[in-house]
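**Q** Could you have a look at this structure, given as structure tokens, before my questions?
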Amino acid sequence: MAQRFITLILLLCSVLLAPHSAQSSLFGENASFGTKNSQSRFIPVDQAFAFDFHQQGDQLNLSWQIHPGYYLYRQQIKIVPQQAALGAFTLPEGITHHDEFYGEVEIFKQQLTLKIPITQAAEQASVSVTYQGCAEAGFCYPPETRVIPLDVVVAASTASGTAAVNSSATVNPPATTQPEGDATPVPSTLPFSPLWALLIGIGIAFTPCVLPMYPLISAVILGREKPHSQRRILILAVVYVQGMALTYTLLGLVVAAAGLQFQAALQHPYVLIGLSVLFVLLALSMFGLYSLQLPSSLQTRLTQWSNSQRGGSLAGVFAMGALAGLICSPCTTAPLSAILLYIAQSGNMLAGGGTLYLYALGMGIPLVVVTLFGNKLIPRSGPWMQYVKEAFGFVILALPVFLLERVLGDVWGLRLWSLLAVAFFGWAFVLSLKAHAGWVRVCQLLLLAALLIVARPLQDWAFNGNTQQNAVKHINFQPVANLPQLQAVLAQAQGKPVMLDLYADWCVACKEFEKYTFSDDKVQRQLANTLLLQADVTANNAEHATLLKKFNVLGLPTILFFDSQGNEITAARVTGFMDAAQFLQHLQNTPAVTK
């Protein structure tokens, strides 16, 4: 017994006193051990985000079981139907997660369930579901796309604003899914509620091209007959407004119906960018850079038709209102065009007709007041009307930001909103300098405070952007686009070891590698004799999938090392984030990669 105990003590001492090389021999190479441990701690994407679906009649149920220590990005979930139309749905609120590079984002942990109504589905209809997530330990998976076949669902009625789906057409439902490249579902309503449409119409009535015309229009409505009672005056004014509203409503329905036929095309990023440019041009006209209106010959003819109607009669007043809806002044052309373009892009007939009706109703309310009470309740004309017109220019500028947010993502969307808000508050502050009342000083302080607050995203972008640029300016990667190009570069490496960094914009840890690891002087000196390659797989296309599959890459960041013969040194592979000290030690423990 004593002999066994002494033998055990001697064996333990020999292990503790063994040199470093002996330890490596006992446990295997240190880099290899670390790599195996790193590989084993990350699970395949199907296990990290177990996805399931089932259809119950006209409802599609989607569910994700999220493994502990992993999370899904809310903004990276998109639903795109093929030969089907989906009803309105919204993603549940996620958990706020602060990201150094993307700011405040929302994520899902543990479980996510979506219930999506199907308004119609043709034969061989399907829905593609795309999602993307990461591990908390610093590892991100490429976006996953699953195609779900749908059972046939017959639309309840075509009058509800949803067109029938034929067997060859691809219809993206309005206000339910993203265009290609977008990150989050499109809201189920227009960005402006019906109340906003009404308020915009009222505001347009106080522009310099509209308000001075109301007394004249009021006189035309009443005609030259004997004085009317207040009740009769109210009826005539309301009938005129309803005639004008009818024209706008029909215009909204026609444009929305046309947009519905081209819904898929109107969701394309290039189309969204084109619409955004048009909105910017329309907004510039509100700032007085140029004037938009119907040709003068057409306006003259419409005015003659309107004047030929007999004032004071219900039919004549209604006809005058309908024709007035077609006569656009320079102050109303740009807002009306912006609303029509957005309605066409949304493709929602109910929202299109309703929005234009409320817009016309808003423009008509001041006219009813003028007709009933004269000019007593209407403010005097002055420079303030031009300021109202310019303010609506900023309202129109909000529409391109809303559309570009779908193409550029939430991060750039936040920066654009910040830029627009800075411009608006700056404009308002400059206008306030023209006033000298005491209370205006308080408004100026509030405007300055608001200006500083809304400028924060731009400040973060500027300073972080400069920091990142300075951090990575000394690292020099040679880009490779696909597997054949990589193989060609490896064949021409001239006996040098090669490091391949697999990078993507959606990989947060990849950006951390750039900022904190590759920027380190010691790391750069260690890699001085290594050929540095980088493959940007952000698009996650077929070529990228082939490259990742070739090397059995689960996700990013992943860094591969190749010897002088072009063979991967599997023991040196890095999976997941390493800071500069850890990565430097990894390189030093694997001399073959930096010799």
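Numbers run from 1 along the shown chain.
Glycine is treated like the rest: Cβ placed from N, Cα and C.
Pulled these features from Swiss-Prot for this protein:
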type     : residues      : note
SIGNAL   : 1-24          : signal peptide
DISULFID : CYS134-CYS140 : disulfide bond
REGION   : 166-186       : region 'Disordered'
TRANSMEM : 200-222       : transmembrane segment
DISULFID : CYS209-CYS331 : disulfide bond
TRANSMEM : 234-256       : transmembrane segment
TRANSMEM : 271-293       : transmembrane segment
TRANSMEM : 314-336       : transmembrane segment
TRANSMEM : 356-378       : transmembrane segment
TRANSMEM : 391-408       : transmembrane segment
TRANSMEM : 412-431       : transmembrane segment
TRANSMEM : 438-455       : transmembrane segment
DOMAIN   : 452-592       : domain 'Thioredoxin'
DISULFID : CYS507-CYS510 : disulfide bond
**Q** With DSSP assignments reduced to helix, strand and coil, which class does CYS140 (disulfide bond) get?
**A** strand
**Q** Could you work out which of the disulfide-bonded residues (CYS134, CYS140, CYS507, CYS510) has its C-beta surrounded by the smallest number of other C-beta atoms within 10 A?
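**A** Counting other Cβ atoms within 10 Å of each of the disulfide-bonded residues CYS134, CYS140, CYS507, CYS510 gives the minimum at CYS140.
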**Q** Secondary structure at CYS134 (disulfide bond) (DSSP, helix/strand/coil)?
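**A** It is in a strand.
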**Q** Across the whole of the domain 'Thioredoxin' (452-592), what does the mean pLDDT come to? Round it, please.
**A** 87
**Q** Using DSSP, what is the helix/strand/coil residue split across the domain 'Thioredoxin' (452-592)?
**A** 68 helix, 23 strand, 50 coil
**Q** Could you state the CA-to-CA distance between CYS140 (disulfide bond) and CYS507 (disulfide bond) to the nearest Å?
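**A** Each residue's Cα considered, CYS140 (disulfide bond) and CYS507 (disulfide bond) end up 6 Å apart.
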